[in-house]
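Please see the structure below; I have some questions.
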Amino acid sequence: MITMKVKNFIYLPFCLFIGTSVAGALPEIPEPFKYGVGGIENGKIYIGLGSLGNNWYMIDTNQSEKKWTKIAQWPTVPREQATATIIDGKIYVFGGIGKDTSGVITLQKDVYSYDIAKDKWEKLMTRPPVSLAGHVSFIHNGHAVSTGGVNENIFNGYFSDVELSKGNSALTEKVNRDYFSKPADDYFLNNHIISYDPSKNQWKNLGTTPFPGTAGSSVIFAEQQIYILGGERKPGLRSVRSWTGELSHDRIKWSELPPVASPEGVSGAYASVIDGNIFLAGGAYFPGAAEKYSNGEYWSHKGLDKAYSKEIYQLIKNDWKKVGSLPEGLAYGVSLPWQGGMLILGGEKKDGKAVSDVIYLKKNDKQIKIVK
């Protein structure tokens with residue numbers, strides 16, 4: 001076993017330990033990983049897309065020797081900001097953004113499944129009824145449920161205009177000004193809730209959320225309860241709002257939780273259940289953007305540097321409490337439940353570079369243990 005010096009930090013009401021090796025820790029990802037997708041089934045973890053391009057990896061955590069192995073490559077346009085769910089032995093990938101054959105970034109509307117037993121990808125004869133990129137997805141009763149994400153026409157239109165304006169700085173400035181200088185409502189982010197039934201290859205309308213759509217939110221689904229946390233209200237402006245919904249017979253009863261990560265909010269944060277408790281960690285934001293927006297400066301992140309949060313929050317008695325910190329600020333990786341804790345796979349750090357780290361958060365009594 002590798003042993004490293006352990007640093008100790010105190011954050012009432014918990015102790016936080018940051019170490020580098022305990023029994024059960026997982027090896028680093030073979031490549032730096034961000035903006036991708038992941039899932040876990042029967043102790044096997046699958047990750048792909050994002051900075052991995054067409055590569056996908058699997059690690060079997062049931063084995064004594066835990067190592068990442070390549071599986072079948074993604075067969076089509078590489079993409080970011082997609083989602084993946086695992087249902088009945090298949091991984092279903094929805095949406096995302098990638099470059100089309102002309103080299104322009106566009107929203108992807110195809111749906112693919114990966115047969116775990118056959119190590120094979122298949123394009124499905126279906127398309128989501130609403131645009132899905134920067135959305136969230138979770139599994140309920142064998143269906144993949146999705147909400148949130150960018151507006152296809154507005155998003156695709158912006159990147160098409162950026163491509164057309166190349167070489168003309170004045171036109172590029174106008175394209176950016178026209179795109180960013182709008183209030184949040186005018187981005188028409190998706191607040192429809194849709195459900196995909198893979199056994200019938202059909203979509204179902206579950207209505208809309210009672211709050212505006214977001215992009216880059218974090219989602220948890222546990223014991224018929226949905227948690228949608230933070231996210232982006234518009235490009236460069238985060239949300240502090242968090243919501244919970246009780247799902248029963250395809251109906252959702254929503255209620256708002258106290259704000260999290262105030263005053264700026266975060267997007268691309270990591271979230272999961274740890275020992276029956278709701279946790280949110282990391283995420284990215286632009287310090288000062290919320291104040292500028294409230295003063296009517298709709299291009300609220302212009303001239304601001306992106307920051308990466310280290311904070312770990314726990315939902316305690318219907319309120320968010322800071323209970324610790326990650327080793328460094330991280331966002332835009334994958335978080336998964338594992339062995340009663342939360343795995344943080346990859347992410348982006350302050351310099352914008354992707355990382356290969358695998359971090360494990362575990363709560364023991366009144367202690368949060370972080371293993372990197």
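Using the three backbone atoms N, Cα and C, a Cβ is placed for every residue, glycine included.
Summarising the annotation, Swiss-Prot assigns active site, proton acceptor to GLU232. If you look up Swiss-Prot, you'll see 44-88 marked as repeat 'Kelch 1'. Marked as repeat 'Kelch 2' by Swiss-Prot: 90-141. According to Swiss-Prot, the repeat 'Kelch 3' annotation covers 143-177. Annotation source Swiss-Prot lists repeat 'Kelch 4' at 178-223. The repeat 'Kelch 5' annotation in Swiss-Prot covers 226-269. Annotation source Swiss-Prot lists repeat 'Kelch 6' at 291-340. The repeat 'Kelch 7' annotation in Swiss-Prot covers 342-371. Look at Swiss-Prot and you will find 1-25 tagged as signal peptide, backed by sequence analysis.
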If we skip the immediate neighbours and take only residues 6+ beyond the ends of the repeat 'Kelch 3' (143-177), which ones have a Cβ under 8 Å from one of its Cβ atoms?
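Hits for the repeat 'Kelch 3' (143-177): 83, 85, 87, 92, 94-95, 97, 102-107, 109, 128, 130-137, 187-198, 204, 206, 209, 213-215, 217, 221, 228, 231, 247, 299.
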Mind checking how the repeat 'Kelch 7' (342-371) divides into helix, strand and coil residues in DSSP?
0 helix, 23 strand, 7 coil
Cβ under 8 Å to the repeat 'Kelch 1' (44-88), counting only same-chain residues 6 or more beyond its ends: which ones?
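Sequence-distant neighbours of the repeat 'Kelch 1' (44-88): 26-27, 29-38, 94-100, 108, 110, 112, 114, 116, 119-121, 123, 132-139, 142-144, 146, 198-199, 215-216, 334, 336, 338-339, 343, 345-346, 354.
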Using DSSP, tally how many residues of the repeat 'Kelch 2' (90-141) sit in helix, strand and coil.
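Once the DSSP states are binned, the repeat 'Kelch 2' (90-141) shows 0 helix, 25 strand, 27 coil.
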In sequence order, which residues at least six apart in the same chain have a CB under 8 Å from the CB of GLU232 (active site, proton acceptor)?
GLY134, THR214, ALA215, GLY216, SER217, ARG238, SER239, SER267
Counting only residues 6+ away from its ends, which parts of the chain sit with a Cβ under 8 Å from the repeat 'Kelch 5' (226-269)?
134, 136, 138, 140, 145, 147-148, 179-180, 182-184, 187, 189, 193, 195, 204, 206-207, 209-212, 214-220, 278, 280-287, 289-291, 293, 298-302, 304, 309, 311, 313, 315, 318-320, 331-332, 348
For the repeat 'Kelch 7' (342-371), could you work out the same-chain residues 6 or more beyond its ends whose Cβ comes under 8 Å from its Cβ atoms?
13-22, 24-36, 38, 45, 47, 50-51, 268, 270-275, 277, 279, 281-282, 284, 307-308, 312, 323-324, 326-336
DSSP-wise, what's the residue breakdown of the repeat 'Kelch 3' (143-177) into helix, strand and coil?
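The repeat 'Kelch 3' (143-177) comes out at 22 helix, 5 strand, 8 coil.
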